[in-house]
């Protein structure tokens, strides 16, 4: 974890701070290490599988986009591991901002692609869309739209707003941009993303559960022999990844925004870093597919 000045923690002893700091660093290093190893393995194996199959379906193209996203995040993780191991940032302010923003960009763009897969499969199930209508060109257009919209939202924030306070470059630290959380524009942005994500997942989760229960009742006991049923289970898996990896961070974010103070924020900051690290665990989704958890 980042070094924390003892002057900002009047109610904590040096021993407690050091113990908590070391404990949280171990958690972060372990989380990022597991994600780097498992995510890289899953991404490489899934890439090989996709290349061999040469599938041009819309779902397959979206999965390729997710693999690309995971690859970008995985490339950035060694920088994070270096920082938490050495407790010093050696790579300059801009790279710090870039590595930090990659994590958030990865989370939200991956969320968009997960949701796209779930919605497409639900539309097919409700006969609003035929699989034959989904061509490679449609997948390309959808991918371009998601990447373009994401770029238009996140790139201006990265270059014009995110981590531009000169105080960030005075010390060799990184990932402390939460200090800007009280700025009005960031409060609005955070609450907007929290509402969008939780509402979207809640609605899709209820619909998906209804579909699975309906199919289970209709196809019991041979439901696993039906491709449509397995497809809906895979969609449910993507929603489960969002619930486990992304939702905890956003729920805690509400508490963080309302209670953050530059005077005494040690526990909030530590928990925030752990929830941020948890979002990267979604990179293990490909390991689940390769390992047969979903197939």
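The backbone N, Cα and C atoms fix where each Cβ goes, glycine too.
The domain 'G-protein coupled receptors family 1 profile' annotation in TrEMBL covers 42-254. Per-residue pLDDT, averaged over the domain 'G-protein coupled receptors family 1 profile' (42-254), rounds to 85.
Annotation source TrEMBL lists transmembrane segment at 26-46 (among others).
Here TrEMBL flags 58-86 (among others) as transmembrane segment. If one looks beyond the transmembrane segment (58-86) by at least 6 residues along the same chain, the residues whose Cβ comes under 8 Å of a Cβ in the stretch are 1, 25, 28-29, 32-33, 35-36, 39-40, 42-43, 46-47, 50, 95, 98-99, 102-103, 106, 109-110, 113-114, 116-117, 120-121, 134-136, 138-140, 142-143, 146-147, 174-175, 280, 282-283, 285-286.
Look at TrEMBL and you will find 106-126 (among others) tagged as transmembrane segment.
As annotated by TrEMBL, transmembrane segment applies to 138-160 (among others). Outside the transmembrane segment (138-160), and at least 6 residues removed from its termini, the chain residues within Cβ reach (under 8 Å) are 56-58, 60-62, 65, 97-98, 101, 104-105, 108-109, 112-113, 116, 189.
TrEMBL lists 188-213 (among others) with the feature transmembrane segment.
When Cβ-Cβ distances below 8 Å are used as the criterion, the transmembrane segment (233-252) is approached by residues 107, 111, 114, 117-118, 121-122, 193-194, 197-198, 201, 204-205, 208-209, 212, 271-272, 275-276, 278-282, 285, 288, 293-294 of the same chain, each at least six residues removed from its ends. The transmembrane segment feature in TrEMBL is assigned to 233-252 (among others).
Sequence annotations record features per position, and here TrEMBL assigns transmembrane segment to 274-294 (among others). Counting residues 6+ beyond its ends, the transmembrane segment (274-294) has Cβ neighbours under 8 Å at 24, 27-28, 31-32, 34-35, 38-39, 41-43, 45-46, 49, 66-67, 70, 73-74, 77, 103, 106-107, 110, 233-234, 237-238, 241-242, 244-246, 248-249, 252-253 in the same chain.
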